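S.K.: Sharing a structure, written as structure tokens. Questions coming.
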Amino acid sequence: MKSAIYPGSFDPVTFGHLDVIKRTANIFDELTVSVLDNHLKTPLFSVEERVKILQEATKDIPNIKIDSFSGLLIDYAKKKGVHVAVRGLRAITDFEYELQIAQTNHKLSGGQLDTMFLTTSLEYAYLSSSSVKEIASFNGDISMCVPEFIAKLVYAKYGFIRE
Ligand code: COD
């Protein structure tokens with residue numbers, strides 16, 4: 001069985017992430033989308049909240065599992081017996097960052113973990129979780145960035161109730 005892990009912060013998951021998830025699920029038999037539990041960052045949503053949101057957002061895709069991890073990605077991948085990590089590329093800036101992480105993970109894992117990149121679909125190229133949070137914090141429109149149920153949860157974090 002061909003399996004992959006899509007690791008990320010997903011704070012919150014956007015249409016850009018969901019597009020990568022759907023396309024990757026068509027390539028692999030099983031895809032685990034895994035939320036990093038990073039104690040160094042203060043996220044908008046807790047790991048438990050992000051896992052629940054991802055479960056709801058991907059409930060119609062049969063070969064998806066949602067999980068979380070802490071520590072090094074290579075250790076998590078080894079524990080799961082998975083040899084491919086999936087990442088999305090939007091622009092050159094993503095490429096520089098992602099290339100370094102991919103090469104580090106390949107070296108650190110003794111060649112056991114490869115990274116596969118999917119380029120963003122053009123309509124989602126501008127999307128990022130950070131911009132979703134910034135726009136929502138000023139009660140701006142994020143309907144083009146995230147599914148409706150996620151938008152409501154994001155606004156609520158900033159004290160805005162939207163119908
Ligand atoms: N279109 C396409 N792809 C997108 C879009 C979009 N609109 N938006 C984001 N993406 C991609 C990102 O480029 C990324 O590949 C992925 O989706 C997830 O994005 P984020 O921002 O949610 O997640 P990150 O980048 O914060 O995740 C970082 C990791 C958690 C993967 C990383 O920090 C990690 O593995 N940490 C564990 C420690 C470790 O092992 N470090 C490696 C050694 S240096």
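Including glycine, each Cβ sits where the backbone N, Cα and C put it.
For reference, TrEMBL lists these features for the protein:
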BINDING   Ser9, Lys41, Leu73, Arg87  substrate binding site
BINDING   Ser9, Phe10, His17, Gly88, Leu89, Arg90, Glu98, Tyr124, Ala125, Tyr126, Leu127, Ser128, Ser129, Ser130  ATP binding site
DOMAIN    5-134  domain 'Cytidyltransferase-like'
SITE      His17  site 'Transition state stabilizer'
S.K.: Can you figure out which of Ser9, Lys41, Leu73 (the binding-site residues) comes closest in space to Leu89 (ATP binding site), comparing Cα atoms?
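M.R.: Result: the closest of the binding-site residues to Leu89 (ATP binding site) is Ser9.
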S.K.: Are any of the binding-site residues His17, Lys41, Leu73, Leu127 near ligand 1, with a Cβ under 6 Å from it, and if so which?
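M.R.: Result: His17, Leu73, Leu127.
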S.K.: Considering every residue in the domain 'Cytidyltransferase-like' (5-134), what is the mean pLDDT value?
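M.R.: The predicted confidence over the domain 'Cytidyltransferase-like' (5-134), as a mean pLDDT, is 96.
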S.K.: By a simple count of other Cβ atoms within 10 Å, which of His17, Lys41, Arg87, the binding-site residues in the record, is least packed?
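M.R.: It is Lys41 that, of the binding-site residues His17, Lys41, Arg87, has the fewest other Cβ atoms within 10 Å.
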S.K.: Just going by other Cβ atoms within 10 Å, which of the binding-site residues Leu89, Ala125 has the emptiest spot?
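M.R.: Sparsest of the binding-site residues Leu89, Ala125 by Cβ contacts within 10 Å: Ala125.
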S.K.: Measuring CB to CB from Leu73 (substrate binding site), give everything in the same chain under 8 Å that is also at least six residues away in sequence.
M.R.: Ile5, Pro7, Ala85, Asn105, Leu113
S.K.: If you count, for each of the binding-site residues Ser9, Ser129, the other Cβ atoms lying within 10 Å of its Cβ, which residue has the minimum?
M.R.: Ser9
S.K.: Which one is closest to Lys41 (substrate binding site) in space, judged by CA to CA distance, out of the binding-site residues His17, Ala125, Leu127, Ser129?
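M.R.: It is Ser129, whose Cα lies nearest.
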S.K.: Please list, for the domain 'Cytidyltransferase-like' (5-134), how many residues fall into helix, strand and coil according to DSSP.
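M.R.: Output for the domain 'Cytidyltransferase-like' (5-134) reads 56 helix, 29 strand, 45 coil.
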S.K.: Compute the C-alpha separation of Ala125 (ATP binding site) from Ser9 (substrate binding site), stating it in Å without decimals.
M.R.: 18
S.K.: For Arg87 (substrate binding site), find which of the binding-site residues Glu98, Leu127, Ser129 come within 10 Å, Cα to Cα.
M.R.: Glu98
S.K.: Write out the long-range same-chain contacts of Leu127 (ATP binding site), meaning residues 6 or more apart in sequence whose Cβ is under 8 Å from its Cβ.
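M.R.: Set apart from Leu127 (ATP binding site) by at least 6 residues yet with Cβ under 8 Å, we have Thr14, Phe15, Gly16, Arg90, Thr120, Cys145.
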S.K.: Restricting to the same chain and to sequence separations of six or more, state which residues have a Cβ under 8 Å from that of Glu98 (ATP binding site).
M.R.: Arg87, Leu89, Thr115, Phe117
S.K.: Do me a favour and check the Cα-Cα span between His17 (ATP binding site) and Ser9 (substrate binding site); whole Å is fine.
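M.R.: Distance (Cα to Cα, whole Å): 10 Å.
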